[in-house]
Amino acid sequence: MTPLVSRLSRLWAIMRKPRAAVGSGHRKQAASQEGRQKHAKNNSQAKPSACDGMIAECPGAPAGLARQPEEVVLQASVSSYHLFRDVAEVTAFRGSLLSWYDQEKRDLPWRRRAEDEMDLDRRAYAVWVSEVMLQQTQVATVINYYTGWMQKWPTLQDLASASLEEVNQLWAGLGYYSRGRRLQEGARKVVEELGGHMPRTAETLQQLLPGVGRYTAGAIASIAFGQATGVVDGNVARVLCRVRAIGADPSSTLVSQQLWGLAQQLVDPARPGDFNQAAMELGATVCTPQRPLCSQCPVESLCRARQRVEQEQLLASGSLSGSPDVEECAPNTGQCHLCLPPSEPWDQTLGVVNFPRKASRKPPREESSATCVLEQPGALGAQILLVQRPNSGLLAGLWEFPSVTWEPSEQLQRKALLQELQRWAGPLPATHLRHLGEVVHTFSHIKLTYQVYGLALEGQTPVTTVPPGARWLTQEEFHTAAVSTAMKKVFRVYQGQQPGTCMGSKRSQVSSPCSRKKPRMGQQVLDNFFRSHISTDAHSLNSAAQ
């Protein structure tokens with residue numbers, strides 16, 4: 001018998017041993033978010049339990065670790081197969097992960113600030129900024145934005161005194177623009193209402209600061225203040241799902257609560273900030289969504305997903321008889337709500353990527369718009385007209401080219417667009433309006449197609465005054481203004497159609513060919529910053545990740 005077969009045979013024998021029966025007590029779900037917040041407030045001073053967030057009836061929690069009732073109690077039972085069996089296993093997981101992190105962690109600017117900054121409020125602020133920027137955004141993209149932000153506003157007081165226009169301008173291109181606005185709102189509240197001091201616990205951070213949810217509050221509290229509280233983001237959820245063979249949708253209420261319970265159980269009370277960052281780092285660089293590097297994983301020996309792969313390999317080779325015990329992880333309670341769903345059974349080709357199985361995402365709704373780059377000569381060069389979006393809704397407060405919703409015919413479209421232009425700039429020659437191409441830009445929930453038009457005012461008296469909410473900018477000013485990535489794409493299409501520039505025909509998705517010759521700044525930063533590190537797939541939120 002080969003060493004591998006011998007090892008897996010012993011593993012198979014261990015995993016076939018009977019497991020503790022699981023109780024199935026039920027409690028009522030919290031009636032509303034307000035009720036859950038009130039519960040959190042009443043318990044904000046309570047010491048976090050090692051099993052906080054786990055279903056109380058579950059008998060599989062490690063002996064010696066206290067249990068705490070759920071905020072939202074779910075009518076489901078959990079098999080001990082999806083838990084850590086004892087304190088020794090939890091301790092082994094912590095030690096292996098932290099040892100790996102100490103050796104392999106990436107040198108990131110927000111980590112350096114958190115380690116070097118002695119003032120607790122400034123440290124918490126630095127962590128807060130990084131966590132908000134990293135939501136749904138890749139690390140390589142965030143590095144330059146974070147560095148520029150902290151140089152411009154190194155303290156809460158600096159950010160609180162900034163204008164929203166300045167915040168939008170620096171945030172331009174980072175996406176999810178409400179994040180920057182909420183961050184400034186929070187800074188102002190800390191300065192004006194909290195005496196300039198950040199709340200010190202995850203509970204009070206979430207209660208008092210606008211836009212700070214459970215994850216962000218936990219990250220700030222653990223990294224900046226050393227509170228032993230777990231966190232779950234997209235990376236951590238993936239790690240936990242694989243380590244405990246949780247195949248159900250992580251976004252479901254049941255699975256989400258279970259993951260938060262596991263995170264709270266595992267967090268190292270001596271190094272909570274490092275532990276949480278280590279779990280996120282593992283998901284971002286090793287336990288990736290596709291092609292995970294299992295051979296480099298520090299907790300591979302504790303990973304049930306990896307054990308399942310080895311079992312299946314033995315069964316396929318004929319070295320073991322019978323059927324896997326995984327689907328019978330809760331034989332006394334019926335179908336397990338955390339295992340792979342019956343509709344999506346084990347796929348041999350996926351390996352550990354079987355865990356978790358996410359629900360199919362609803363495709364973004366499709367919308368169309370017509371937008372026009374209106375240009376006129378100016379003393380410092382050509383000027384283009386921008387108008388400001390409303391202060392609420394998509395891209396709130398940002399600047400864009402005059403736009404209208406798409407009309408069913410070209411004639412109606414030109415008429416509507418010309419009327420919009422004249423509303424801001426006065427009478428214009430309709431014959432000069434040219435259709436240049438299209439740009440498709442996908443937001444989180446909208447796939448928006450822009451039909452791009454151009455109108456150059458040549459030989460006319462320049463427009464010197466415009467209504468409030470509009471302004472003329474030079475091309476240089478445009479590139480530093482608070483405009484969205486979609487508008488920058490639109491402008492590149494316009495530039496590609498002008499004499500003396502890189503000409504191009506009607507196109508979609510991306511802009512002019514000349515803009516594709518150089519890699520994006522984020523990619524350049526990624527290549528240079530992580531050249532000495534292992535290459536990984538881009539990390540996805542909520543994902544995501546980041």
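Yeah, the Cβs are placed from backbone N, Cα and C, and that goes for glycine too.
Straight from Swiss-Prot, the features:
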- 19-51: region 'Disordered' (REGION)
- Glu131: active site, proton donor/acceptor (ACT_SITE)
- Asp233: site 'Transition state stabilizer' (SITE)
- Cys287, Cys294, Cys297, Cys303: [4Fe-4S] cluster binding site (BINDING)
- 364-495: domain 'Nudix hydrolase' (DOMAIN)
- 404-426: motif 'Nudix box' (MOTIF)
Item checked: Alpha-carbon spacing, Cys303 ([4Fe-4S] cluster binding site) to Asp233 (site 'Transition state stabilizer'), which is rounded to whole Å -> 19
Check: Just the number: how many Å between the Cα atoms of Glu131 (active site, proton donor/acceptor) and Cys297 ([4Fe-4S] cluster binding site)?
Finding: 24
Check: What is the one among the recorded positions Glu131, Asp233 whose Cβ has the most other Cβ atoms less than or equal to 10 Å away?
Finding: Asp233
Note to self: Let me make sure I understand the structure: which of the binding-site residues listed (Cys287, Cys294, Cys297) has the fewest other Cβ atoms within 10 A of its Cβ?
What the structure shows: Cys294
Check: Including all protein chains shown, what's the count of other C-beta atoms within 10 A of the C-beta of Cys303 ([4Fe-4S] cluster binding site)?
Finding: 22
Check: If the [4Fe-4S] cluster site is taken as the center of the Cβ atoms of Cys287, Cys294, Cys297, Cys303, which further residues of that chain fall within 8 Å of it by their Cβ?
Finding: Val239, Arg242, Val243, Leu282, Val286, Pro292, Leu293, Val299, Glu300, Ala305, Arg306, Val352
Notebook entry, point to check: What does DSSP call Asp233 (site 'Transition state stabilizer') in the simple three-state scheme?
Noted result: coil
Check: How many Å lie between the Cα of Cys297 ([4Fe-4S] cluster binding site) and the Cα of Asp233 (site 'Transition state stabilizer')?
Finding: 19
